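K.L.:
Grabbed the feature section from TrEMBL, which reads as follows:
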- 1-29: signal peptide (SIGNAL)
- 11-141: domain 'Ig-like' (DOMAIN)
- 149-235: domain 'Ig-like' (DOMAIN)
- 247-270: transmembrane segment (TRANSMEM)
- 275-480: domain 'B30.2/SPRY' (DOMAIN)
- 476-512: region 'Disordered' (REGION)
Amino acid sequence: NMASPLHISMPTELLSILLLQAAIWGSDSFIVSGPSEPIVAKLGSETVLPCQVDPPMNVETMELRWFRSQYSEVVYAYRDGMAQVEEQLVDFKGRAELVKDYISEGKVAVRIHSLRVSDNGMYKCFFKRDNDFEEATLELKIISLGSGPHILMVGPEDEGIRLTCTGKGWFPQPEIQWKGEGGEKLPSLSEDETQDDDGLFQTEASIIIRDRSKREVSCSMKNPFFGQEQVETISIPESFFPRTSPWRAAFAVTFFMLLICLGAVVLLAWKKKQAKKRVQNAKDEKEKERQAKVDVSLDKNTAHRSLTISGDGKRVSLEKNVVQNSDASKTQGTGGSGTIFSAVGQNCFATGRYYWEVKVLGEKEMGHGARWALGICPETVNRTGWFVENTEKNFWLVAYKEGKVTTLTSKPESLSLRSYPERIGVFLDWEAGDLSFYNMVDGSHIYSYTGINFCGKFQPYFSLQGAGTSMTVCSASGQTENVPSSSAETSVTHLRNSDTDVPQETNTLLSP
């Protein structure tokens, strides 16, 4: 079989191109093309935006249009053999004209005079015949080689010489580069650029030369499109560099030491002043607390009948052979339900600050199952039958049972103490909503309820459990001279509540 003569004479790809070209020539179709590279022109000069059709043909009867990004932004329009001036943008009126020397060959261009910065950018040329139209895209880059660079020696700064390099009237923004005498590049300290009303750039770059060997420095500005570069060089006399004084280091060290000494003096003076202030505050606080001492006496009339109240109303005890009858009060304590015998003080508190002390049996004297609790409760509380000793029922207490001192919150918490509190100080600050307990044996803080929203009258509260237990209220004259500080001097955790019937739970921050 012999191969086709067509395949022998030319490749298949070339055949396809020739067939396509023949199809175009045999029809009314055409294509429009322009320069593939950007057209570069200087500011203020003139340039042409050329386009042509392929295949070559006379385009004098076609509609020709050069415009910016939108069809309506007309640079130049030609239709029916004449310019359509009324469609032109104002910026191009009188500056754009059609070059049609080769219009019969399909080559035309628009010449723009007095180029401006605003002329920079993309353009399209549009050719239309009957219902057929094509367009091509062109790019025009406007350049302006402004004045400069000009180097100015500002003066000594930061152990060197500060130089500035300025230029103006550039477009687009020029590339600035500092170089040393050997051509090595030096980084700018800062660069600032602004554009004026005509869109031209004014730029300034700064540098600090500290190396005395770099006495000759150059600054160049280059147009990034055109590649043209302008350079200026400056020589810096060695005498212009700031001289380092041999006394500078010594002075800096001495000044630093003086600052340290001055700071130490100020700190000591401040600490002394704060110490005096604390002493005075402590004296004022002690005086207030001395005045807060109250002589608490037990109320025999409301005490449980199984309790024995001394004649002076200071001691309450539970007889050893008490019959646990149904008349006894039942309460939920820290160790579960049990028989509790309670008494309250005759004193009622509705405002102010109060302090009293209570002696309890020693830890070794407390029998098996013995328990005590003390604090405050409302005057109106019901202590008959079964009741609960905790903050939800407005009992603000600390209690002891089986070797543990606990809070009586909704979730009782065991407190870690340095020693067993045989003598307990109770401090009530009504206005602050604070109730604090102190171990007067070693002066340590036991616990504080804070943020209590007191409502109504409150009175001292005492309860006992277990035969042979007792408590003694110290008289005001027999109380410890060194009354503990108020809660402001004590690390506590706040118990905030807006309703005394449903208080929130508290946590302890107990001083070791």
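Glycine residues also receive a Cβ, built from the backbone N, Cα and C atoms like all the rest.
Bear in mind that the values here come from a model prediction, so they are computed numbers and not experimental data.
Help me see these features in their spatial surroundings.
P.N.:
With helix defined as DSSP H, G or I and strand as E or B, the domain 'Ig-like' (11-141) counts 26 helix, 61 strand, 44 coil.
Outside the transmembrane segment (247-270), and at least 6 residues removed from its termini, no chain residue falls within Cβ reach (under 8 Å).
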K.L.:
Can you work out the mean pLDDT of the predicted model over the domain 'Ig-like' (149-235)?
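P.N.:
For the domain 'Ig-like' (149-235), the model's average pLDDT rounds to 90.
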K.L.:
Do you know the DSSP helix, strand and coil residue counts for the domain 'Ig-like' (149-235)?
P.N.:
0 helix, 57 strand, 30 coil
